[in-house]
Amino acid sequence: MRGGRRRSMIKLKLSKIYSFACGKTTLKREHSRIGGHGHSRVVFCNEPDRFEGGVSNYADNSVRSTKYTVATFLPKSLFEQFRRVANFYFLVAGILAFTKLTPYTAVSAILPLSIIIGATMVKEGIEDWRRKKQDIEVNNRRVILHKGDGIFEYTEWKNLRVGNIVKIIKDEFFPADLLLLSSSYEDAVCYVETMNLDGETNLKLKQGLDVTSSLQEDFKFRDFRAVIKCEDPNANLYSFVGSMEFGAQKYPLSSQQLLLRDSKLRNTDYVFGAVVFTGHDTKVIQNSTDPPSKRSKIEKKMDKIIYFLFCVLFLIAFIGSILFGITTKGDLDNGLMKRWYLRPDRSTIFFDPERAAAAAIFHSLTALMLYNFFIPISLYFSIEIVKVLQSIFINRDIHMYYEETDKPARARTSNLNEELGQVDTILSDKTGTLTCNSMEFIKCSVAGVAYGRGLTEVEQSMGRNNGSPILHEHINGLNSESNEIRDSPGRKEPIKGFNFTDERIMNGNWVNEPNADAIQKFFRLLAICHTAIPEVDKETGNVSYEAESPDEAAFVIAAREVGFKFYKRTQTCLSMYELEPVSGHEVESLVVLGMGESVGKLALLWLLKETKIDGRDTEQCVMDDGTALKQWTYKLLNVLEFSSSRKRMSVIVKDEEGRIFLLSKGADSVMFERLAKNGMTFEEKTLEHVQEYADAGLRTLILSYRELDEEEYKEFDHKFSEVKNSVAEDRETLIEEVLDKIERNLILLGATAVEDKLQNGVPDCMDKLAQAKIKIWILTGDKMETAINIGFSCRLLRQGMKQIIIHLETPEIKELEKVGDKMAISKASRESVHHQLSEGAQLLFASRGTCQQTFALIIDGKSLTYALEDNMKIMFLELASHCASVICCRSSPKQKALVTRLVKSGTGKTTLAIGDGANDVGMLQEADIGIGISGVEGMQAVMSSDIAIAQFQYLERLLLVHGHWCYRRMSSMICYFFYKNITFGFTLFLYEVYASFSGQPAYNDWFLSLYSVFFSSLPVIALGVLDQDVSARYCLMFPILYQEGVQNVLFCWRLVLSWMLNGFISATMIFFFCTKAIEPQAFDEEGRTAGRDMLGVTMYTCVVWVVNLQMALAIRYFTLIQHIFIWGSIGFWYLFLLAYGAMPPKFSTNVYKVFVETLVPSPSFWVVTFFVAVSTLIPYFTCSVIQMWFFPMYHQMIQWIRYERKTNGPE
């Protein structure tokens, strides 16, 4: 164990804690779904070879996460590659290269395509092989299997079959979905960790049926037989419907008996289970669906540009073919041959003047093959490489590494890197995303009196904004000077989850309060009403708690610190130590073990002795000053679980005097309406305090209780057990009805207020994002007042910002709610929301052109329901999109997803959603980009996200730095790709025009093939990975730079077409300068003129120089790698010329020793190369200078600022 400390988990019976298993298992209601559609699975336990089970053809237990198999890799991978229209086009061109129509050899046409496709397939194959190795490792894990006659032996996971009995040892993973039969605990309870399923680290409790709990020895399974009838395989992790026939009896099954594959057994020595679902039928595999496919806007636009280039290509081929047909028809004019070198008098159909129309059609096919260099063959592959490398840089950014949890940023997909630089709207969760989700108990209201003197972050922030400290006299009932107690020398060492300071409550002083009885009940409720599990360190006695939520942990810790220490949970009871004065002396402070504090008087706690008090069995220790530490034990009868629809949780307990209490805590929206008439004594004051706590940014819960008589409880328990153990269609509805009846007529005790502190850096991050003109929406389940004050605290809302608040808390609607007419309420609510939206729109319209007033829209959940209706959602979106900030309060997970969908589809701009919990998954998947926070709510959001970060503050660097860089790099890279291919392809077209459309290429076959693969691709990849227009420091210093991506100024049609135009200009200048400079004069000292071969090599050399020098001009941040790639590409061209020209003429064809013998000795070759390379860049350079001087973009302005700072002195 860690630190050599031994921990033990208190044994626990789930049947008395979790409501799914409360009460004795009965079968009063018919299993209406078993055997029907969707519930037809039959499992013969301990009989996997039984005939009836075999015919069901259940899946085996081996899993496969690979995309391909050995047999399907080649066809499936090829299909994936040729789904891309560009690759399919090159494939058709390669096939046509085997015909007589081809202008080049078939090998030179097929080889580049083969290299690109092959490299992509190798990449996919490597990724799939890694998945295959993981599958092999998982399938070969070992598990203890019942072989028969009570003998258990080890076997591989992949050998398991439905019906097998397996034995799982502590800390092992479950190999399949198992039905829990028994465990090392007598009541068949076990503890399960589900981190691999939902990312949650807290332990879950499972319990088998009582009838199988005695099967704790291997030999007892020799004759065990049972039949399970249950639901078919499905993806629902949290439900299971079935029944088990055992010993002529039928027993209902629920999710409490199901152990899911990939969960881990914890704090339990062993369990026995029957295999129900195997392999791909298991729930975790059923949940392994691919996330929604997302493509960046740049990638979608790139496809349109490709189609545009295809249109250009077909247009050029069509025009050229018409001109070729006209020229061919006139080749023979009364026996006179115009193009005599083509021998039109005895030509084949391709140049036959008598069949000019057919010749033109065939020429169009030749032209389509010849001009395919307009389409960049390596574009897609290069983009994939660049995106992967960009993702690596994001993952390894030390500035986005959170040391406390050892979590770096992680790009789970590389498809959306450039999309990070185009975000227009951010939709954020609050709890756990903006805040730490680490709750601290800071204030409370008991019997109408407010306690707690701590200052919240919101109050401190508002105080700074107002320029004066905030007074708390109204809340605390004392002068603000008492706030100094918080920092007094007597203050204890900070305790996680507890930041409460009030001398009226602490140190046992609550007994002197006039409402001491209510305070005692209040903190007793906090110590009892929960599902937390105490974990005791036997060596030190320290107690820690495993709670389902940070709120619940904070409540138990608060009760402990005040003197109500929950320390033990058994199968039927909750035990706690409670301070109780037995004399008039002042009660001393309770010092809790395990919190780094001195043991003090509580060392006597473990020396308690048995005594009798008022006829009750208790454990009591009386200290010197008369303070008594007593042990109280409560019998736990039922736990009525929390759910998002109920918004409350309750427990029913019986005290040592036999009295039965229902203790309940929940949201104020559901608790106040459940109070009895005699339980509303402090309602008005409590409501006032709750409002003030919400204003201070605190999360509140209402605490209440009632005493039940024996008959009332028996009636409830009977109904509750009946509906819980049923599998009827309306089961959940029946449960809600039973719980609703018992949770009535409550007596109000008070309210808790816990603070969820903002994460570090959130206000500054919000401020930077706002400066970048990114719209920020907060979608939260908090009350409106809490959300507004958190908005001010995190600087989403600012002083002077006009708030447009839309809500339904109007007197008219409240009156209708009292009457209960749902139709009237709905109609009035709809009209009210429509009216408020109209007023907000008019307010916005009236402010236009008059002042720089900024607006914030705040809307509650009820109003949002109507605002999202079809006839109002456009009006809502119009209003919200003109506001700088939007806060949606009391919003459900479904509403979060609907709002995200509305913003994405309604604005057409890039949306980013960020959250940390399972309730944010829908929102993350709806948005263009989903960011998951790897916080304390588990990993559901991370597993559904595109990028994971540990803190909200890292969003600033992710967007403003990496987002901007990736957007600019990808935009420049794609534009440059089109430029270099048009430059090369258009020289081929001009040469064909020059050669009267004869279909003869200007370059050697291998020159054509290797241009995009070797002589121009590496520099553009370096550009896409390494280039920076401004440094990260300046990206953060000038957030407005981010608007270049939002406005898409670097990849708009105007810029793309300007790069294409630059390519056409460069090609034209290269062609005409080369032809006019070389042809009319002697090429060397012997007086030979340049032929097609020398002209082609010269033009090709100029193209290589120009496109690489153009890259050098476009780069803003040179590195050694870029120098190597640019100058290396040029140098490699000359080396290739030497090597290829030295090959025998059979291989080098028309390039045989052309470079060495003809071009190198000729000064004109070098002069032309230099002149063409420089002059071709002049138009681009001139336009760039004019644009930077007179029409600078944001990044160019910042470059000027940086340059001036450098020239005027150090930065």
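Heads up, residue numbers simply count up from 1 along the chain you see.
Including glycine, each Cβ sits where the backbone N, Cα and C put it.
No curator has checked TrEMBL annotations; they are predicted automatically.
Copied over from TrEMBL:
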ACT_SITE  D429  active site, 4-aspartylphosphate intermediate
BINDING   D429, T431, D916, D920  Mg(2+) binding site
BINDING   D429, K430, T431, E552, F642, K665, R699, T780, G781, D782, R890, K896, N919, D920  ATP binding site
DOMAIN    43-109  domain 'P-type ATPase N-terminal'
DOMAIN    942-1192  domain 'P-type ATPase C-terminal'
TRANSMEM  82-98  transmembrane segment
TRANSMEM  104-122  transmembrane segment
TRANSMEM  305-326  transmembrane segment
TRANSMEM  356-381  transmembrane segment
TRANSMEM  977-994  transmembrane segment
TRANSMEM  1006-1026  transmembrane segment
TRANSMEM  1056-1078  transmembrane segment
TRANSMEM  1098-1117  transmembrane segment
TRANSMEM  1124-1143  transmembrane segment
TRANSMEM  1163-1191  transmembrane segment
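Feature annotations (TrEMBL) mapped to structure.
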| residue | record | contacts (Cβ under 8 Å, 6+ apart) |
| --- | --- | --- |
| D429 | active site, 4-aspartylphosphate intermediate | I778, L779, T780, K896, I914, G915, D916, G917, N919, D920, M923 |
| T431 | Mg(2+) binding site | N437, R699, D756, T780, G781, D782, D916, G917 |
| F642 | ATP binding site | R648, M649, G666 |
| R890 | ATP binding site | T780, G781, D782, K783, M784, D860, G861, K862, L864 |
Q: Could you tell me whether the transmembrane segment (104-122) and the transmembrane segment (1006-1026) are in contact, taking contact to mean 3+ Cβ pairs under 8 Å with a sequence separation of 6 or more?
A: yes
Q | Local Cβ density at D916 (Mg(2+) binding site) - other Cβ atoms counted within 10 Å | A | 31
Q: Report, as a single number, how many Cβ atoms besides its own are within 10 Å of the Cβ of R699 (ATP binding site).
A: 21
Q: Tell me the Cβ neighbour count for N919 (ATP binding site), meaning other Cβ atoms within 10 Å of its Cβ, over all protein chains shown.
A: 22
Q) So which of the binding-site residues is most packed in, judged by how many other Cβ atoms lie within 10 Å of its Cβ, out of G781, D920? A) D920
Q.
Taking only the residues in the domain 'P-type ATPase N-terminal' (43-109), give me the average pLDDT of this model.
A. 80
Q | Helix, strand and coil residues within the domain 'P-type ATPase N-terminal' (43-109) as assigned by DSSP | A | 30 helix, 3 strand, 34 coil
